[in-house]
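Feature annotations, courtesy of Swiss-Prot:
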| type | residues | note |
| --- | --- | --- |
| BINDING | His83, His182 | heme b b562 binding site |
| BINDING | His97, His196 | heme b b566 binding site |
| BINDING | His201 | ubiquinone binding site |
| TRANSMEM | 33-53 | transmembrane segment |
| TRANSMEM | 77-98 | transmembrane segment |
| TRANSMEM | 113-133 | transmembrane segment |
| TRANSMEM | 178-198 | transmembrane segment |
| TRANSMEM | 226-246 | transmembrane segment |
| TRANSMEM | 288-308 | transmembrane segment |
| TRANSMEM | 320-340 | transmembrane segment |
| TRANSMEM | 347-367 | transmembrane segment |
Amino acid sequence: MTNIRKNHPLLKIANNSLIDLPTPPNISSLWNFGSLLGACLIIQVITGLFLAMHYTADTTTAFSSVTHICRDVSYGWMIRYLHANGASMFFLCLFIHVGRGLYYGSFTLLETWNVGIILLFSVMATAFMGYVLPWGQMSFWGATVITNLLSAIPYIGTDLVEWIWGGFSVSKATLTRFFALHFILPFIISAWVMIHLLFLHETGSNNPLGMSSNSDKIPFHPYYTTKDFLGLLLLILLLMTLALFYPDLLGDPDNYTPANPLNTPSHIKPEWYFLFAYAILRSIPNKLGGVVALILSILILMIIPFLQPNKQQTMMFRPLSQFLFWILVADLLTLTWIGGQPVEDPFISIGQTASMLYFSLMIFIMPMTCLIENKMLKW
């Protein structure tokens, strides 16, 4: 059996990636989230496939087809809620995964980090298009507001928006293309995941100490397969609790009202995982400025490796940087809260302050702190 595992052309790849992979012996539970993201992707593809069998991408029947799935399809309600709450689990794992990369300096593995950011953008695009498909009020108006942001692009903006819509407003053409793209993107994401892992296995995993562990590695199986399996069980427990006991906890009640272009909801907001970016968008009173800030709020991660002059890779032994990291986390939580609030004082000023703090921390304060820490350590 060992010979087949190590010599068979296909099994050899799986063996070198999942069984005999040399792994640092000291990686903590925060390194579990990569495998959990893989599990989330598989759950989303399987549940999504079953939903696509019963869904119709037509403005007249989309809403009722989702109702039909929940009422008439065997366990359709469960598949629908697993898919909707699976997206929330996906983003929860994504944010922790990126946060761990920032805290432990994994961004020094440049190729892996950049492919990861492409993955983050792809997953966000997929989730946005998926939110449009049930064709409720928030689906329709969310699609209208977010796609309309592209009209802020000088000269080509209006044409670009109408090209994406397939008409002069969000219509049947928009819904059909969003469904097609929402269906194909997870498979493109799967290909990017393979590239992400390919780059990661070229350099090997980082570890909490940020030091080379080449002289001291252990095989991935059975140590980390067991550890990952425990994480997977906890993820499934949380997902099942959400889907079976609190299925609509993270959703919006407005989405249970069929889309009506003549009636605007009192407060348009995206799903919780986009609220931080939405708050940054709203905090700038200029349309183009808001769109630029929105894109930069994620794209800034790409320049993080060039903004960190620290001599120690991880924040484990750098208390000042640790303090600032947790301020950044608190700031993002504040932005998430603000994104769900109406556009009125004091929420406007809190959002603007939090947005300024977010960019200041990323571009100036954290790099400057790294330099101070280097001086203190006489490096």
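Quick reminder: no glycine exception, Cβ is built from N, Cα and C everywhere.
Spatially, by CA atoms, the binding-site residues His83, His182, His201 include one closest to His97 (heme b b566 binding site), and that is His201.
The two recorded residues, His201 (ubiquinone binding site) and His182 (heme b b562 binding site), show a Cα separation of 29 Å. For the transmembrane segment (178-198), same-chain residues at least 6 beyond its ends with a Cβ under 8 Å from one of its own Cβ atoms are 17, 38, 41, 44-45, 48, 52, 55, 57, 112, 115-116, 118-119, 122-123, 125-126, 129-130, 132-133, 143. 77-98 is the stretch from 33-53, 77-98, 226-246, 320-340 with the greatest number of Cβ pairs below 8 Å to the transmembrane segment (113-133). For the residue listed as 'ubiquinone binding site', other Cβ atoms within 10 Å of its Cβ number 14. Rounded to a whole number, the C-alpha distance linking His196 (heme b b566 binding site) with His182 (heme b b562 binding site) is 21 angstrom. Most Cβ pairs under 8 Å with the transmembrane segment (226-246) belong to 77-98, among the candidate stretches 33-53, 77-98, 320-340. If one looks beyond the transmembrane segment (77-98) by at least 6 residues along the same chain, the residues whose Cβ comes under 8 Å of a Cβ in the stretch are 30, 33-34, 36-37, 40-41, 43-44, 47-48, 50-51, 66, 69-71, 116, 120, 123, 127, 130, 235, 238-239, 242-244, 247, 250-251, 271-273, 301. If you draw a 10 Å sphere around the CB of His196 (heme b b566 binding site), it holds 21 other CB atoms from the protein chains shown. Among residues of the same chain six or more beyond the transmembrane segment (33-53), those with a C-beta under 8 A of the stretch's C-beta atoms are 69, 79-80, 82-83, 86-87, 89-90, 93-94, 96-97, 100, 183, 186-187, 189-190, 193, 228, 231-232, 235, 239. Counting only same-chain residues at least 6 apart in sequence, those with a Cβ under 8 Å from the Cβ of His83 (heme b b562 binding site) are Gln44, Thr47, Gly48, Leu51.
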